[in-house]
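J.: I'd like to ask you about the structure that follows.
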């Protein structure tokens, strides 16, 4: 660097530092959350440290899976478990991650069976290597046959049907079901469940990785078909985008959704989103880890050979207050 | 292939009438030879097609939605097109938009900064990303495809990692209750209406960027430099064009536009998801190519890229307006884009043959 550029850099840095002192916001931000954050410590088990791998089909940066992971982390902290979290949305790659966990000789494996056929081989290998396996979130109809110890999740089709039932009861005639990941079995099941109850349900595929393109896609659908009275999204952040679309299209449709996120809880409270189907992702992660710990330390099986259903439950204006205080830390 | 066969015909024609080559071109041919005219006809074709098949497309109220869709692509497609004319790619352009939005909201939230201060810091971050791409390209001599691919992955990791470190979650926290948010929203995410057409902020920014980029590219010395660098960088250097400087400036322009787009996303949606933006880099490149940019550099236009963005948005939304079976959405999109580009290429060929 020449002296002139160095002097210029110094000047810029100084300006930024001075400005940063002067340019503070007295509202919101980290301070507000930290003031509200409570201590979250529930002691720790004295059992020997064990290692458990949690392998999901989450894409990077997914709010839903972040909640699952937090549940697993909290259980791990309590049970004196070393948690190794890995994820890949691609079936073959997810299987590879499970194989790596087997290679590392972990004490237990918790995994999602969203793509059961891709996972079958590694599940078999894991059980042969005497590593217990539990399943969560996806694979309700397959886990038992594969020899998995227990399952924590919801039946996506039943959840869809219940959402459809509720929409029907509220007078829905022409809902649109927004799928943000093409080819995802679970998301398709949800829309199929809704369609069983409300046959006029239409599908709309959007690009879940680009809010602006989701916004215009949903807007255009609302403008094309003015009869649409319900927009059902399949993820918390997408519902918030749909709220924007609704105002862009000057539509009177109601926005409802599957799954929650921190901001979504606030939107339900504010009335822009009517309700959310909650499958308690935190519980799925938490119970999966806790089950493996119980199995190792006491030989217990949660659910007694049956699937443990963590949902569906509805969060609406009536009960949002009970959930809200937990949402701030990203656990609901 | 077909381009070779057409370029081999002129000699025969020119030997018959030599003065044809030097004779001034007629106005119509001049118009046809403008690099963006093909894209314009492609856009008109797509527009007419959907006007016929999609009744909702005919509704004037919906023009705002289509323009907004085009603007969110076009704001980035224009700088990416300039870069491509200059012979380089930027695969990090999609996630760089997310990085910028995250930088502003994370900095504001974590340090309790005034929102406007964080917005300015995000501009610094975005320009640094552009500077990094440009300098790395010049220093290493690697193809820009590789250099920016590296940045693409680095930024993806930083986006997720930093968000997790700062907030403990995978999305930035809502900063809409912080000081300065409302005034920043009034700048980056305002909305007004002309008649019944809703106009959102990015539409205006997109048009301004397009005009500036078009004027610079066509009328200024710097514009000539861009064509020269993209056409043959060694020859450009030999005649005294500051090749390295031109590249850095082009990457800085991408950084600036990424900042603008990122600020819009932040203030439109209040939070930014850390995994967003992946895949958009290709949509920007697609818009530039549909609009007439060559992948090999040295040819293309800013207005063309904007028309490419418009074609992309019209097709994407037109399929929804037409209410076709959504299972086949991507297929329709692919067919329409290829057809629109064929119109563009066909016009260029016709014009060149005159």
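Yeah, the Cβs are placed from backbone N, Cα and C, and that goes for glycine too.
Sharing the record's features from TrEMBL:
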type     : residues  : note
TRANSMEM : B:37-57   : transmembrane segment
TRANSMEM : B:63-84   : transmembrane segment
TRANSMEM : B:116-135 : transmembrane segment
TRANSMEM : B:142-162 : transmembrane segment
TRANSMEM : B:197-217 : transmembrane segment
TRANSMEM : B:248-266 : transmembrane segment
TRANSMEM : B:278-295 : transmembrane segment
TRANSMEM : B:302-322 : transmembrane segment
TRANSMEM : B:328-347 : transmembrane segment
J.: Run the contact check on the transmembrane segment (B:328-347) against the transmembrane segment (B:197-217): 3 or more C-beta pairs under 8 Å, excluding pairs closer than 6 in sequence.
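T.: No; fewer than 3 Cβ pairs under 8 Å.
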J.: Same chain, outside the transmembrane segment (B:278-295) by at least 6, Cβ under 8 Å from its Cβ: which residues?
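T.: Distant contacts of the transmembrane segment (B:278-295): 35-36, 38-39, 42, 73-74, 76-77, 80-81, 84-85, 89-95, 97, 152, 156, 301, 303-309, 311-312, 337, 340-341, 344, 348.
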J.: Which residues of the chain, 6 or more past the ends of the transmembrane segment (B:116-135), have a CB below 8 A from one of its CBs?
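T.: Contacts of the transmembrane segment (B:116-135) (Cβ under 8 Å, skipping residues fewer than 6 from its ends): 90, 92, 96, 99-101, 103-105, 107-108, 144, 147-148, 151, 155, 180, 183-184, 244, 247-256, 258-259, 262-263.
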